[in-house]
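Colleague: The heme c 1 binding site annotation in Swiss-Prot covers 52, 55, 56 and rests on sequence analysis. Taken from Swiss-Prot, the feature heme c 2 binding site covers 201, 204, 205, and the record attributes it to sequence analysis. Annotation comment: Swiss-Prot describes 343, 346, 347 as heme c 3 binding site, evidence class sequence analysis. Residues annotated as domain 'Cytochrome c 1' in Swiss-Prot: 38-142. Annotation source Swiss-Prot lists domain 'Cytochrome c 2' at 186-294, citing sequence analysis. Taken from Swiss-Prot, the feature domain 'Cytochrome c 3' covers 330-423, and the record attributes it to sequence analysis. If you look up Swiss-Prot, you'll see 1-25 marked as signal peptide, on the strength of sequence analysis. Per Swiss-Prot, the feature transmembrane segment maps to 458-478; the stated evidence is sequence analysis.
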């Protein structure tokens, strides 16, 4: 997926006192075999399952795996690198060992640290066999592209790549081997390998701690991922996917569409570039494993997200139409009038969408049923664009660059509020400030504040004071020793 995964903290010596060690052990047992795909090599299959193209190809018109895609992070944009076998701008000169180090440990051939927008904390448990297959695929089947990708230039202190080595220790990013769990069958083990390693689902769906390392106590319980919300996919019946049928889960992962859910944002990209191409047996294995994930309930959720239906519409369409006109639409903040103007032609005045389901119902929809409204806000701001089975699903964006109807933060807030109260979870509310935050890329994480001028000044002042204290302490010790020897 194309949103930020964990990013380094600056080098903090105090953290090192609490840190563990980073040790790589080799797997002793193979993973369950994937479903048979005779039309492609195993390495090609693994590249699809690992979703390499989503980040390393710059949009639908970009050159395959040539990098250049801007991955949004709290510290700034991180540009994906060229991983074609180009010997001038790609990884064509990498040995298998160097490729493995980059993939599993985030260390380039020149020894520099890779930013963890690359999910090496998930890939570090890939088996040796799979790493070799991926290497063979990239080196022999991918077309080399002799073109550079933009350089990542993050603000200080995040521009210091060496600090990533300290972050890996402090955040306990360890290369633990994959171990086959003999208490479960092959299907479950294959599902776990796909979810935790290849598809790296936890990179988005597991929340992060202060150091932006995965908080495993809330494994797959949902997290903010840039402007979007990666939902809870534990087996919780109200907060997660516990009320979904196996068929619904299978269909959603394969197509991005069910009667009560539609994929958008990073999840739409994962389905478009990766999941839709996996064999049915592998999708079923993912469903099997997800069914075993312990439920993590969220406070305030009393029914499943798709069981909310808001309240019956209390306004007259005619009255709403009379309160707006093309000349006043840009200024109105009447939620009903705005909904009727920019939403109802597809989703209908009653919010139930088209009869054939092409335009989804907003009633009984997981996006409108969440307590966290970020996905609804982001869908309005950025639209929906996914292609599955060579069929594109498109909802226009209504953000500032909209070609259809640019809306202000306040207008988007009133539309979202109207949708939630009439068709979704009436407990959720949206403010103009919430829209502004989503538009800006989501909540600022505490570590990102290290790059602010005020914090840098404070850290700099603290460093100077610390140096003065150290010098003063040394002077005192030397003076004391001289007095004793006198």
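Each Cβ is built from the backbone N, Cα and C atoms, and glycine gets one as well.
Model, not experiment: these values are computed from the prediction.
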Colleague: How big is the Cα-to-Cα gap, in Å, between residue 205 (heme c 2 binding site) and residue 52 (heme c 1 binding site)?
Modeller: 18
Colleague: Around residue 205 (heme c 2 binding site), how many other CB atoms lie within 10 A of its CB?
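Modeller: Counting Cβ neighbours of residue 205 (heme c 2 binding site) within 10 Å gives 24.
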Colleague: Here's one to test understanding: among the binding-site residues 55, 346, 347, whose C-alpha is closest in space to the C-alpha of residue 204 (heme c 2 binding site)?
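Modeller: Answer for the nearest of the binding-site residues: 55.
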Colleague: Setting 52, 55, 56 aside, what same-chain residues sit with their Cβ within 8 Å of the center of the Cβ atoms that define the heme c 1 site, listed in sequence order?
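Modeller: Filtered neighbour residues, in order: 51, 53, 54, 57, 65, 67, 69, 80, 83.
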Colleague: State the mean pLDDT for the domain 'Cytochrome c 1' (38-142).
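Modeller: 93, rounded to a whole number.
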Colleague: Report, in whole Å, the straight Cα-to-Cα distance of residue 55 (heme c 1 binding site) from residue 343 (heme c 3 binding site).
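Modeller: Computed Cα spacing between residue 343 (heme c 3 binding site) and residue 55 (heme c 1 binding site) is 31 Å.
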Colleague: Which chain-mates of residue 56 (heme c 1 binding site) that are at least 6 residues away have a CB under 8 A from its CB, listed by sequence?
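Modeller: Expected: 65, 66, 67, 69, 80, 81, 82, 83.
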Colleague: Restricting the comparison to the binding-site residues 201, 346, 347, which residue's C-alpha is spatially nearest the C-alpha of residue 52 (heme c 1 binding site)?
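Modeller: Checking each of 201, 346, 347 against residue 52 (heme c 1 binding site), the shortest Cα distance is to 201.
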Colleague: Please report the number of other Cβ atoms within 10 Å of the Cβ of residue 343 (heme c 3 binding site).
Modeller: 20
Colleague: Other than 201, 204, 205 themselves, what residues in this chain have Cβ atoms within 8 Å of the centroid of the heme c 2 site's Cβ atoms?
Modeller: 200, 202, 203, 206, 220, 223, 230, 233
